[in-house]
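Asker: First, the structure itself, so that you have it in front of you.
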């Protein structure tokens, strides 16, 4: 029975008894209802009195009950009696409990916080391997499993390993395999287990192995450095490239692989790697263990941790020595090519210039192949010869030759083949309209890429006017009627010599080939060659071939040659000599070499041979001018000088002819008397000039 | 008790189930028994009895769901009960009384009101408790407490305790007043004034004055005090309104009903309505009692009891002085 009820009952009974006694004293009769009233009053009073009395106790009780439920409520001491003291004690207890509770809550919160933030699933097992506690994240993952046996939640859990403290296991959940690490701590009968998902770790381990394999098997040198740029990792590729093993290089700075002059650049590269994160395309030399220089293409990258701090560097180097060499070679080749190209362009330019020169030359320039076909034809050739380029190209070059010179092309080619590369002579050409012109040609050989003669190049200058003038002048000057490009025969050796001398006076180069002595002939030794089998200076073997070569090799085309046949006839037969004369005739006619006079006074040849010679050669005719030869010579001298703008004096006449003054005066006087010359005063001296009559004489001549 | 009563909203939200009907019937029976007990003995206040029956039923059944159902209907029953209870208020014509009687009555009621209020506050009781005891002691007992309670929103325990205390004090008066009258050689008129001016419940006034055959006179004097409820209610509603000069509708209707029943409503209709009103109000009190815990009620303590008795004693002493001084 509760205390309150007891109290109430006690009060009621006492009150009732008191009432009975009290009422009995009342004089007026007591109504039944008064008992009810008293009962109600006593009940109500008792109720509130009991409440007052028991209220502190009940309050304490309620406070205790609240405390048991975890609500730390204090009671208010309403009196100073034992209830008040009890209330104060209770309040103190509540305070202590509140502190303990706070600490416990703090501890639990911390524990919970740790559990929730734990990287893993925490659970506890009892001695029968039944799950008695799970952390919130365990519940989230595996559901409410408290109370279940461990093997019901995790199939094939290695319970026997719980004593080991730490092991790995694979959880199969929702068809997925999750590798986990289990850490167990036994606390009495309880196993406190922490399960961590190590899938990521396993994956990282696999990746690490994979990357290690890449590092080890890479052909490139991969070097990992610390923050001081000292080598910490040196892969197989680096070993193969530089020859150092890892043990030899770990701890050394990277620049030990570099030449000293590269160290500064190395430092700069490291700085750049720190600032920019990486530096690539570093092409630099490195020194291998054997001292060999290796050109590498290096990439330098800085390694940072999660906070962004530099923890090291990675240098990856690729051997590009061969590539560099190839590049260098290519560069050199390119330079060479450029040089050749420049040269080619220069040559092209020159060729273009030359072509322009050729095309615009004042001389006719054309080329003839070995078949005698014209292969090039410049503008001047068109002008001179009348054939257009289109007509001339491919045309037979002999179309340009007069009838009598049809063999010239073959002659030229033959001479070229013989090695006569400097062929130059005067000749004649046939224009398209049939007129013959005098040209001075220079022949040059053309060789193909194999060095074989493929043709000739001919430069032809029209000298018709000049030739005409020369011939006119020669006609006037020469004493004899001889023309250049002909050979003459005479049986008068003195005449022949005189002709030669006259020609020499008129500018020809004289050459006498004879057995007779020069002093007898009145020629100087420089113009003389003696026919003799003995080889001496100034002798010529009486061999037609040699004689032919000697005569044809005479330079220029104003040669006056006297060939004495008498000794030859002794040494050779007439056929050989005749053949020689024919060949010489061709040469002199074709090449217009000069004048050849053959002479024979010998009776070694008969009439028939002489007729043959006369038929082959022309006769020498003297020009009749009506004045003595020596006077004519003086007139010719003065005329020749006047033609060049000079007016000789008597002294010049003396010097030229080697005569005395008086003789010179006499001859000059005779010319004065005939009116062929006149004396002009030129200052203090007197000079001589041919008059019109004198010129007339020269023209007639 | 603490919620502002909005009848339409409550009625809209009230889904009536079988359990609700059972509960309402129980409460109705409690109210009915209380009314019948009052009929048997007028000193037994039906509101007090209904409250008590409700407390006993609630504490015996200890069913939270039923308590919730009772709680649900209180906001509906209380304003209706208050409104209907207006027919029990009979506004007297003051010209029928001697001026000194009216004055003494008014002064006594006011004195008791103030004494109880002051003593309660000195004993560090809550303001609501003090007002409940003062109204109950000074005006018209349990009914005054029930009418003003929704205005001042006291705790249920305080409300229940105030009703019990006022009933106890009233019943004490019912017991000792006859002996007091005999011992003091009071005249019946003087006794009528004493009982009318100082006793709390109408029933107790009736019982105590029955001995001397002065019921009507005593009840008439009591009526003066009862009429004061209108004024007090109006003042309190203004003082405790949520917004300025707001008077709850049921107060207005109560006052209107009181005025209407006192002046225009035929007596037969009033007589018919009064039991109905009493029954309705008793049912409400039973519902309140059902939701109250006895333990909490008793924890109110003995101080309200002391305040109520002491304040009442002041009123009694004043009236005895007046009577002894032959003022009345």
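Count begins at 1; order follows the chain as displayed.
Note that Cβ sites are derived from N, Cα and C of the backbone, with glycine treated the same way.
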Asker: Looking at B:73-95, B:188-210, which one is transmembrane segment according to TrEMBL?
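Answerer: The range carrying the transmembrane segment annotation in TrEMBL is B:73-95.
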Asker: Please work out which recorded stretch in B:21-37, B:73-95, B:306-325 has the most C-beta pairs separated by under 8 angstroms from the transmembrane segment (B:219-240)?
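Answerer: Maximum Cβ contact count belongs to B:73-95.
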Asker: With the transmembrane segment (B:101-119) as the reference, find which of B:73-95, B:159-183, B:276-294, B:306-325 contributes the most Cβ pairs under 8 Å.
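Answerer: Against the transmembrane segment (B:101-119), the leading stretch is B:306-325.
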Asker: Would you kindly list the residues that approach the transmembrane segment (B:246-264) from elsewhere in its chain, counting only those six or more residues past its ends and only Cβ-Cβ distances under 8 Å?
Answerer: 4-5, 7, 78-80, 82-87, 89-91, 147, 150-151, 230, 233-234, 237-238, 270, 273
Asker: With Cβ distances under 8 Å as the criterion, find the stretch in B:43-61, B:73-95, B:276-294, B:306-325 that has the most pairs with the transmembrane segment (B:21-37).
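Answerer: If we count Cβ pairs closer than 8 Å to the transmembrane segment (B:21-37), B:276-294 scores highest.
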Asker: Give me the stretch from B:43-61, B:73-95, B:131-153 with the greatest number of Cβ pairs under 8 Å to the transmembrane segment (B:306-325).
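Answerer: Out of the listed stretches, B:131-153 contacts the transmembrane segment (B:306-325) most.
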Asker: Other than its close neighbours in sequence, what residues sit by the transmembrane segment (B:131-153), given a CB gap under 8 Å and a spacing of at least six beyond its ends?
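Answerer: Here the qualifying positions are 1-2, 5, 45, 47-48, 78-79, 81-82, 85, 88, 109-114, 116-117, 120, 125, 159, 162-163, 165-167, 169-170, 200-202, 204, 222, 225-226, 228-229, 232-233, 236-237, 240, 248, 250-251, 254, 281, 284-285, 304, 307-308, 311-312, 315.
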